[in-house]
């Protein structure tokens, strides 16, 4: 059967690229790693391009039910999926995730329909139910029976009921407002307590699967003496509106029913008639007072309305039914969440205006005005926000950057959820972007002309003067070296320049009587090849190094 289900999933899998969305279908309960769809094929990507473009499923901090197989480009299940657990009371079960192609700064929505298999048996909340009937109850009277619950969908869900027992009772099935089946016990033959004080029946519920699954409940009917008044609720429907942050233990509403009989027949008790396991964990009904209290915190985002069906029973088995509708109102209890889906760690200072540096996702789990989000960015930074896809934004440059002015940017995005209350909730995220250097600055000498006076006959390697040039660039582009600029050999034989620190020292003996002034050029060159020049003037002073000649 599981092989047929897998074949069915493969045949049903389809995709749709309209508005950047892919659609697939897969049966529930498939093993981890089962094939869902060929994402690489559907997006037109070759397998080597998957790694080059950085294709991945976005992690939003919640359970990931799907994964992308890096070698095949297939979308596969990340774990076993239980449709009934994920999509309770939902006819069509859809799971969504986002796939980002970082190389293209593109986001695709993926929608996977989880189809149902017949993996649940119809079950009754109680294995045994007791009904109490007066022996004067007229034939044809109807009594509600416990209904079975089958979380499967379609034909795999609950389809029929059968009753076995004795000739006094038959089964009728009514359609509820939502199309559900509600079994009723019909008294077919008058009861006689002296003949039989108890009747044992079996109610069987079946689904439409192949093969069908069945569940049973035992019905015990106790025959009582006459009781001619049934309880009556004060209202057929009770409605109550509560905020989702109402404290635990709060009484939401108290229902009341009265019975005109006296004694045991006039004593009323309350119970839930039709309720799911989930609702029974949220609400509690006091059988004596009719007060409904809160057991578990409400969350508008998980459920905004609950319908509870109640019964009021007297001691003789007569009853009345009423419905309680609990409407949950939203409060601004969730702050906007901003996550960085993809971001550059560095950008060149010559990057053109409009370069995308980050891809962001913003969401607020609240509803209505409480979930409306306004996104803004720090003022005074050369970036702006652009809407991308759905709740995604791009951070782009608005002009060329200058590393020499600002080598690093810390971009802070502030989100505010605008609602009717005060204060509004907000969320922030910080992105750090390093600006890489471009060789756009030449070396600059501290002077255009350097002058020095030295005595003649100084020993070799004596320091004459030191030139200095600075470069605003970084790294190799900012490293400066010094050298002569087209000087004759006579100069280079008398002076030497240190390429690292710019010191000019003597290389040979200076002779005032031979030449008293030297003028030559120097150049400073950075690692990127940019050059600047300066002029050096050295005056040689006379020493008394010659005797008079006659």
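Cβ coordinates are placed from backbone N, Cα and C, and glycine is handled just like the others.
Features as listed in TrEMBL:
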| type | residues | note |
| --- | --- | --- |
| SIGNAL | 1-20 | signal peptide |
| DOMAIN | 65-124 | domain 'Cadherin' |
| DOMAIN | 125-233 | domain 'Cadherin' |
| REGION | 131-155 | region 'Disordered' |
| DOMAIN | 234-338 | domain 'Cadherin' |
| DOMAIN | 339-445 | domain 'Cadherin' |
| DOMAIN | 446-550 | domain 'Cadherin' |
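Across the domain 'Cadherin' (339-445), mean pLDDT in this model comes to 78. The region 'Disordered' (131-155): residue composition by secondary structure is 2 helix, 9 strand, 14 coil, according to DSSP.
Within the same chain, residues 83-84, 88, 91, 93, 116-125, 161, 171-172, 180-193, 203, 205, 207-209, 213, 215, 217, 219-228, 273-274, 276-277, 311, 315-319, 321 sit at least 6 positions outside the region 'Disordered' (131-155) and bring their C-beta atoms closer than 8 Å to a C-beta of that stretch. Residues of the domain 'Cadherin' (446-550) grouped by DSSP class, helix first, strand second and coil last, total 10 helix, 46 strand, 49 coil.
Taking H, G and I as helix, E and B as strand and the rest as coil, DSSP gives the domain 'Cadherin' (234-338) the counts 8 helix, 48 strand, 49 coil.
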